[in-house]
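Q: Please read through the structure below; I'll follow up with questions.
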Amino acid sequence: MAQFYYKRNVNAPYRDRIPLRIVRAESELSPSEKAYLNAVEKGDYASVKKSLEEAEIYFKININCIDPLGRTALLIAIENENLELIELLLSFNVYVGDALLHAIRKEVVGAVELLLNHKKPSGEKQVPPILLDKQFSEFTPDITPIILAAHTNNYEIIKLLVQKGVSVPRPHEVRCNCVECVSSSDVDSLRHSRSRLNIYKALASPSLIALSSEDPFLTAFQLSWELQELSKVENEFKSEYEELSRQCKQFAKDLLDQTRSSRELEIILNYRDDNSLLEEQSGNDLARLKLAIKYRQKEFVAQPNCQQLLASRWYDEFPGWRRRHWAVKMVTCFIVGLLFPVFSVCYLIAPKSPLGLFIRKPFIKFICHTASYLTFLFLLLLASQHIDRSDLNRQGPPPTIVEWMILPWVLGFIWGEIKQMWDGGLQDYIHDWWNLMDFVMNSLYLATISLKIVAFVKYSALNPRESWDMWHPTLVAEALFAIANIFSSLRLISLFTANSHLGPLQISLGRMLLDILKFLFIYCLVLLAFANGLNQLYFYYEETKGLSCKGIRCEKQNNAFSTLFETLQSLFWSIFGLINLYVTNVKAQHEFTEFVGATMFGTYNVISLVVLLNMLIAMMNNSYQLIADHADIEWKFARTKLWMSYFEEGGTLPTPFNVIPSPKSLWYLIKWIWTHLCKKKMRRKPESFGTIGRRAADNLRRHHQYQEVMRNLVKRYVAAMIRDAKTEEGLTEENFKELKQDISSFRFEVLGLLRGSKLSTVQSAQGTKESSNSADSDEKSDNEGSSKDKKKNFSLFDLTTLIHPRSAAIAAERHTISNGSALVVQEPPREKQRKVNFVTDIRHFGLFHRRSKQHAAAEQNANQIFSVSEGVARQQAEGPLERSIQLESRTLASRGDLNIPGLSEQCILVDHRERNTDSLGVQVSKRVCSFKSEKVVVEDTVPIIPKEKKHAKEEDSSADYDANLTDTITHEDYVTTRL
């Protein structure tokens, strides 16, 4: 940095200057190249084409040159979305490079299509790489067109690329140890991780999934789950993977939003993709919904259409349940709950009876199971009151009547958990926290029953309870039974999920438990650290003599830090303020030890109370807020899991009736034993081809129905996505840039048309001049002096005012009546027509300058009127007719100049005068000429010039007005100027 500082001298300014220069200078563009790129930027098609054509001949410019921003002409045209220039540049084989990627990023569909259809030059037409300017690439090598298009989520571009047969590389697992992954990670680990992330971004594109996947729902489910697992492994890109996972979940939900009928919804939710065509499938088991719950697709499950279908199945027997009064609902549930033993017995005896089928309904099954569990809790309450207990000092007491009644419920719970684990698998069983709680509760009840049996068999004497051993089986059984009662009561919280008010609260409580576990990990570390230090300090001061009570639970607390276990207890209870400060004192006069111990104890309280406890409160508040923000989705997902557990075929009977073997269960058991254990195994009867064919046809029909529904859903989703994108886009800066580019291109197109029109007009005038010299020689000789005084400056509008007939086909058949007499104008011979060149400009018809204030009245008639306008001549089709009109007008003008009678019968001048006091007046005159059956109205706008300024105006004549082509003829009060 020393080079930035200079020694200040006497003549130096107040503040020194640091010289600046471009250290990474690039090659300068030539003026021709700058003009070429500027023309591309402005959209000047003609100039760009001219530059490209000159470059092919003279090689003056490099058509692949780049501007200071590193853009070629093709990239500039792509940014401006000028498809005409893009097509022009590609026709001249400019260097393409990353143009396709730029077009995809800008989402210019037309440019992408042009680039995809463009064939690269080969052989001599191909530009050598050494002649190309090195363009800095904005894209990494792993970014392919399909990956970039998927990142932009542009459906049209993705469709164009997929039609070309592109492919996406399959990403490897994070822990993949193949040679490719290991070598790529060793060479550049960052690029390896970024490449995987870019691939997953492309695969998670909703448009790509909708376009290329046969089963978009399954693809979205699996991809979101995989991305969620990746976020746990690659913590560096955790937020990106979680966002992609949410994107896939939202896509599945939005796609399900497009369903319009219950039939479509049932086809989607009942579709099973893991069975072959020859296997028997159940068409009403909500297989796709179960898969969504397995992959934790909360948005999909909580979608209103899905919830409506589930609710209709849940309240199958009560269609108007939600509209009933709350009192009616409570009475109905109470009656069904009281009758659950009757329904259970009916199902055991006759499963197909009306009452047996009634209990199989999901809602009735839920009420019966809830009533059974409430009965179990009532029995636990009776057992805790010891109503039938007579002798409390018996070491091995026999079971009471209430305990005998509790035993069937405990056995029923255990049997239900075994069946659930058998049907769903161990992995699915342990993923549910309520199942873990049930496992702990059932284990405690089994341990209690076992210890009571041991105590009943081993101990039968009557001894005072104070004399029993600490680890007596009866005492341990009572402790375990008390803990099991707590778990049993808390298990009732799981039923709150069915209620819309208590459900979100129960979910928030479950989320807070996770925060408490995280907090306990840090707290236990702090607790163990301070407990070790305090125990090391006070270990030597333990008091044992003369104490009837030892520990912190005594009336006078002592030996709080004598052992490690006692120290842990003391520090834990100090959080609640139950430990006194004097426990840090010692009998010896060791004040330093007391000071250090009190300081350590105070520091622990500050850390645990002020820091950790407030941190726990903040974490729990954050968890509750997360649930509150998505309370509806979280609650509906939890309720759906509860409902689905009752939609299953098994587990119909509530506890304890599920322990009783039903006739159906006995028949299944005997059949299984006969099939698997008997020596003579029954050979399976082969199925007929007709049965297999019908099954395959049914499965194929379901598959075709599903694909048809998916096709309709994808079409609706794409249409809605494009519509929403247009709605949300609004007016942005890009729109103004596009509008500016369109205006600039239109400006250059108009200028090109005007140049071509002016050139053709001049050439036509020069050709007409030679043919009209003989007819106009008399007019020029008689009025040579007056024509010099009447020269004016005409604008481009005045010189390009054209006459267009509105009906040329009818003009030849009609006659025009003027001044009360009809005059038929005959067409000139065809030989003369071929020699005469039709003039499209008004200069060949004459400009009239008013001399007097007299007004001439023009008679109105119903014949057709010609219109005067500015533009490109349309008279090529009506050429012969207009040539005749031109020749007749010249003849009539000559007759008027020579005072030939009848001129007034041919032309009527209608004058309109408009004056302005602040500026020069403008005189508008109309000449109405009668030719055949057409009326021609010519409007001339001529500035009125005073006589004293005529000579000055003669010197300032415009360059656009050619004096050699004009002459003036004076007739009565008017001056006719001939061009």
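All positions are counted from 1 along the displayed chain.
Backbone N, Cα and C atoms are what each Cβ position is placed from, and that goes for glycine too.
Quick paste from Swiss-Prot:
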- 1-324: topological domain 'Cytoplasmic' (TOPO_DOM)
- 96-118: repeat 'ANK 3' (REPEAT)
- 325-359: intramembrane segment (INTRAMEM)
- 384-403: topological domain 'Extracellular' (TOPO_DOM)
- GLU417, GLN420, ASN435, ASP438: Ca(2+) binding site (BINDING)
- 419-432: topological domain 'Cytoplasmic' (TOPO_DOM)
- 454-475: topological domain 'Extracellular' (TOPO_DOM)
- 499-511: topological domain 'Cytoplasmic' (TOPO_DOM)
- 535-599: topological domain 'Extracellular' (TOPO_DOM)
- 615-979: region 'Interaction with ITPR1, ITPR2 and ITPR3' (REGION)
- 621-979: topological domain 'Cytoplasmic' (TOPO_DOM)
- 762-775: compositional bias 'Polar residues' (COMPBIAS)
- 762-790: region 'Disordered' (REGION)
- 777-788: compositional bias 'Basic and acidic residues' (COMPBIAS)
Q: If you count other CB atoms within 10 A of each CB, which of GLU417, ASP438 wins among these binding-site residues?
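A: In terms of Cβ crowding, the pick is ASP438.
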Q: Checking distant contacts: for the topological domain 'Extracellular' (454-475), what same-chain residues at least six beyond its ends satisfy Cβ-Cβ under 8 A?
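A: For the topological domain 'Extracellular' (454-475), the sequence-distant neighbours (Cβ-Cβ under 8 Å, at least 6 residues beyond its ends) are 391-399.
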Q: Long-range neighbours only, meaning 6 or more apart in sequence with Cβ under 8 Å: which ones does GLN420 (Ca(2+) binding site) have?
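A: Expected: TYR429, ASN435, GLY651.
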Q: Provide the number of Cβ atoms within 10 Å of the Cβ of ASN435 (Ca(2+) binding site), excluding the reference atom itself.
A: 16
Q: Six or more residues out from either end of the topological domain 'Extracellular' (384-403), which same-chain residues have a Cβ under 8 Å from its Cβ atoms?
A: 452, 455-465, 468, 472-474, 485
Q: Could you say whether, by DSSP, ASN435 (Ca(2+) binding site) belongs to a helix, a strand or a coil region?
A: helix
Q: For GLU417 (Ca(2+) binding site), name the DSSP secondary structure in the helix/strand/coil scheme.
A: helix
Q: Cβ under 8 Å to the topological domain 'Cytoplasmic' (499-511), counting only same-chain residues 6 or more beyond its ends: which ones?
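A: Beyond its ends, the topological domain 'Cytoplasmic' (499-511) has Cβ neighbours at 433, 493, 623-624, 626-628, 631, 634-635, 638-639.
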Q: Within the topological domain 'Cytoplasmic' (419-432) only, compute the mean pLDDT.
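A: That stretch averages a pLDDT of 85.
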Q: Within 8 Å of the Cβ centre of GLU417, GLN420, ASN435, ASP438, which other residues of the chain have their Cβ, at the recorded Ca(2+) site?
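A: So the additional residues around the site are GLY416, MET421, TYR429, ASP432, TRP434, PHE439, ASN442.
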Q: Would you mind listing the long-range same-chain contacts of the topological domain 'Cytoplasmic' (419-432), meaning Cβ under 8 Å and 6+ residues beyond its ends?
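A: Those are 294, 648, 650-651, in sequence order.
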